[in-house]
């Protein structure tokens, strides 16, 4: 934003362009609440500002600035922008972009008189309705060369940008100033022209004035002056605008190579000439009328014979006559000076004023009706005299021409009477035509004057066209104007929204297409397309009796109810009648069609036009010189034909001319780079500063302002080609682009932009250009300017440094020279007083004196010579100087001449170019005329020559007839031969019919078998569905009843039995397919037999074709002769027509003579006699002409007779043949060969032969088609059967399809190989896992001390498991790829088959239509037969190879089965080991139960513990409720997921440690049993020692109690922390359980869908494989492999589960072993005090034992559940289920351990109390117990660490399983789509089979029909023979006649 100092250059315009700094600071500091400040929708003012008071249930209460309170919906409020965006210059920069924000920004700027605002890529201007100082010269200078962002918004900124774009981009520009009428378009257009005329002056005005003598001003002045002149004659006051342009103009300002003005031209569109004679009440006519009557120039009033009162002239005073905002007197002076500046001559200027005055007088001409007649006559001649005087006419002639016009009726001219209304309309039409032509002539003269002939390179076009108009009365002019605005708006929309986004797509930029809903095509097409409004209007204008009513009816019939934009208007009282309504983009407009036909035809009184052409006012004569009247046309004499043509071409309706000009305009605009200025009308009352919200909003919506801002903000409005960008902006970082090596412009641009410090999201790279967001290019330009400034500064510094160094070097050299001189002078000064040196000085000159004397003498001589030479040279020099002066003068003169000649040469070159163009056009016309003349001469010569040749040709025809007789004899022989062939063919067809019947039976049988297989497959699918349902039920039973492992095995066996049953059904289906293949082989053998028979037929057909070709050649020769004779007849007809034209010319001349006689005066008797004589002469000439025509007809008749004698006198036979020819021509090209029957009977014979050949071919085609249809039906079962019944061309195509199917076989085999590889990989992985299991089991049995080693092996096993999962997912993805590829290939094959079917149908039709195609097809059949045989052999080889491959695969399958059996055996062994370990676990459980009975005595002491346990259970129930509530906070827990996972790991580790401690307690119980006996024996001995140790124990106990108290406090704190963590973790675990359950369900469903689709896929694959030989076994084996792989995978998962269980038990056992060893040592160190605490400990142990048994039982149940889930669910679901079970088990263990910790703490408390009582021994026992607990804590910590590791592994596994689930889901969907497509194909094949049956029936009917036609052809051949005999007789008679005549 510029400062106030920078804005000072704009002078007094600064406050009208940009806010001051003070206002900006105040706006930024103004208080603003972004949450409550809003715009709210309000009915009266559309939107008002307000603040939100409250919100309630979708309703918002807003208090407006006016104090009103509104309650609206939330979608009716819009957020307000911060204050810093108030009066923003570019609305695209606003934070909140919506309608109220744009409206209020415009309103606030308009209130501050800032009328220009940017809106993205274009400028919006609001009409101020007052003068503002924003167009002053200092403003023009301030905007010159400024970038858009550097200066405030202004029309000058748009203009300067267009100018700069033209110079930099070297592309034509255009500025489209659009908007509604009264929005300020004309003013902005003038300002644009003013700007260009100011900044781009030519600079050489003197030269310009010298080169163009007529010019009164410079080019700049002329361009500016064109506007006042055009406005005076083309602008008028309307309801909405005081200075409305009533015509459109497109001003092109041309610039030279340097950017200076070169020339200009103006194109105008659609002047509203109806305004000349009619205005509405609130409007007035064109300004010129009122300027003239303003009396500013009284000489005009006198010259034009008018008054100063406009009301004296009805044409210009029907509305208002004055406008407050226009000074007509000043405008008249401006118009007058503009005429002078634009170079109009004085005569032309006077003519303009005179014709304008004549138009005014025309409105005063009055006519009245004659008495008792309808004829009009003048009502006074005074006005007519004035008008005629001003037009240079005779008033009497003018009145006569108006009242009695001459009209052409036929070939005569008649004087027509006119009514008063007709004369008045004619006067108005003449006035409008004269004014329009004068306006267009003025534009042409302006263009001539503005054309300076200077070289022009580019132009900037400024479009100012009438805005959208909605008046009370809308006529044809309004429709044209509104249609133009529709086109311009569509251009704007297309350029701004569609082209912009299409270029993004074309350039490859990521862009989502935005439909802004701005397509106006419907309304445009309604107006301009065929059968649109303009089309119907022009059509009605062509009909003489058309009326407005008929036009309206046609419009209603064509569009009412059919087009949404065309409506019937409602009748409103007080408004003008409307006939139809159109919905335009700016609103609905009612149109009145009254007088549209006349307006469109624009009829003129031709008699008056003829007077105009003879006017003494040269301008008027010139205006109408191009009009070709009927009389002038008639008087053109010999050029009548040319004149008629010119009149026909000149008749063009107004609408057609308008559309032509509009299309040219749109073409010009599309070739330029457009800049849009959208003018807005603020109010209807023309009040300055007032703005009507709804009116402005309507214009914003219609003009696309909001959409333009959006596309500017979202899109990339600036773009540069890569090469241009690299060249222009390389300076920003030259190092980014390496020098000396080639680099692509795109890569260079990418590197350059990447190295610059800018926002890299603000640009995108396209294919050819780099695209920038709005504003970024300006930033780059600023950076470039700064960089250039730096570079130039650096260059200047380097240059200055170089110059300084050069100067310094010179100084150094001068210094050295000075030192040398000083040295020499000092040396001289030292020796000059030395005596010897003085002697040297004296003697040395004397030594050289003699020599010097000689030299002096020679020098004197040379001096004398040089003196003489100097005198001579001086004389010569003076002469040369004189010559030089003269030559310089001549040179200057020559330069001036050369300059003038160069300019003349440029003009001459342009003229030469124009002359060359005209010469080329004239040469083309001359060439056409000469060619026509030559053609006429050739035709005449040919006629004479052909007349002479007719007799010769008659004799030749006789010879031909003799030849035909000979050929006829041959043809008869051939006919007998063909009859025999036809009989043979009919016999063969009978055989073929039998084979067809057999084939149909076989087809039905195959269809039944196919249907049976489909039914079987459906039954299998039903079984699979029932099985899946049963499986689901079983899964539910597993979840509900927790069945045992034996039940799962039973279910598995049931499933395997079902699978075996399905496999057996599949084998049965495969056996049926083998039977079908055997039948196919039999059909192949039959096909070979048929092919052999067809080859024999082909050889016969080829022989007949050779004969047929010879006959056709002869027929064509005869036909050519007949055509020549017909051409001669046509030539005679042409000569006759020429004679008739000459007769019409003579009649025209006679009529003209009679008319001239009538015009010369009255009809005297002498003249009547002369007329009679001339009529007699005319009759005589007519008779002569008729005789001549009769002679021509006689000659033509003689020619026809001769032709009939030679050929056509063949009589009835030729007539019959001609009728046959006509009939055959109507049947298009079906029987094309029968046309030759016109020549001779030979053609009939050849036609019969052709019919026979056609029958043969059609029969063959029918057979082939039946076979092809049969093959299509059988393709579902076996695609190879498609070769049956086809001819060799069709069989070739289907053999290619067979190749494709074989390719599919190879693909499937490759897929099978891929599957086998996958299976082998699975085997290897299974072997590795089994080895790992064996190693682990061996390690478990051998030693429990290798825990760490086994743990590492377990981790490796998990990694291998993950690898297996990845490999399996990869294999599944490959399978999916193969399936998709197979699917696409299958679809392509079916599409190709359907295309082949269509091609076959086309070929059948072509064979029926073109019998000649038999020759080529017969030749191709032999080739295709050989190729087919080769392909069949290749196919047999391929089949053998596939069979061998199948055998190899069988061997591999058997080996794989053996391997699987071995794995099963190993699995059973491991399972047995697992069961043994479980039995051991049960035995341990029983021992624990026994121990529990032994410790029942301590139950009394545990009652207190039980109460506390109940309290804890209550707390646990509360915690479970909290866990349920925690499931609702899933999204919150996800945020702290990382922390929770860490805590979960710690907690799970603690749970595992607790579990280990429980297991440790079990081992402890066993040890205690052993120790009890020893303890009993020692108790008696230690009782005596008890009393002695009590005192010591008390002291020790006090210390222990204190330490225990501290430890208990720490334990309480840790317990509280653990409880808190537990609550969090329980919520997390519950959430994870829900997620796991959900994923389990999803996985189960996906698995069920997967299995269903797998079953369907197998069935469909089996159906598809039926079409491929030998593929059934492959499919079956593939299915078996997949099932076995699934079983193996399930078994692997079971083994993994059991392995994990054994691993867990192994770990527990190891931990127990360690604990046991520690406890043994501790027990040995314990004292006898354990006897008293033994019972308490035994009760604790018994309680723990019971809880442990429950835990073990729960673990067993969980294991059984996990096994069931593993067997029934898929691989992924099993893993997830296992994780869920383990997490539940850990949760239960955690709870139990918490309980045990509490119990232990209670026991500790009790132990303390007992210790106080029991003494020293009890204290020792408690201390030992404390140590035990500390050891347990340490072991728990170790287990915690191990659990963390395990938990992380499980988490990784869960992620892998979720990924695998997603892949399986995608595969299932893909398979489902494939199944749907294959089912659709099966249905289409069924439908095709039915169609084939129908086609076979139709072919049989066609065959019978052809047989019938063959019989008819034989009858016609017999008839032809009899006709030939008749022709022979007639030819002999003709011959005898000719001989007798000669």
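Just so it is clear, glycine is given a Cβ too, placed from its N, Cα and C backbone atoms.
Because the structure is a prediction, the values reported are computed rather than measured.
For the ranges 992-1037, 1038-1083, 1084-1129, 1130-1175, the feature annotated in Swiss-Prot as region 'Disordered' maps to 1130-1175. Cross-referencing 662-684, 685-707, 708-730 with Swiss-Prot places the feature region 'Actin-binding' at 662-684.
For residue 182 (ATP binding site) paired with residue 760 (pros-methylhistidine), the C-alpha to C-alpha distance reads 45 Å.
For the pair residue 185 (ATP binding site) and residue 760 (pros-methylhistidine), the C-alpha distance works out to 40 angstrom.
Spacing of residue 183 (ATP binding site) relative to residue 760 (pros-methylhistidine) is 41 Å (Cα to Cα, whole number).
The number of other Cβ atoms within 10 Å of the Cβ belonging to residue 185 (ATP binding site), over all protein chains shown, comes to 27.
Looking at residue 180 (ATP binding site) and residue 760 (pros-methylhistidine), their Cα atoms lie 41 Å from each other. Model confidence over the domain 'Myosin motor' (86-785) is summarised by a mean pLDDT of 85. Looking at residue 760 (pros-methylhistidine) and residue 184 (ATP binding site), their Cα atoms lie 41 Å from each other. Sequence-distant contacts of residue 181 (ATP binding site), defined as residues of its own chain at least six apart whose C-beta falls under 8 angstroms from its C-beta, comprise 238, 240, 241, 244, 466, 467, 468, 469, 681.
DSSP classifies residue 185 (ATP binding site) as helix under the three-state reduction.
The ATP site is set by 179, 180, 181, 182, 183, 184, 185, 186; from the centre of their CB atoms, other residues of the chain with a CB within 8 Å are 127, 241, 244, 467, 679, 681.
Over all protein chains present, the Cβ of residue 184 (ATP binding site) has 25 other Cβ atoms lying within 10 Å.
Here residue 179 (ATP binding site) comes close to 185, 467, 678, 679, 680, 681, 699, 703: these same-chain residues lie at least six apart in sequence, with C-beta atoms under 8 angstroms from its C-beta.
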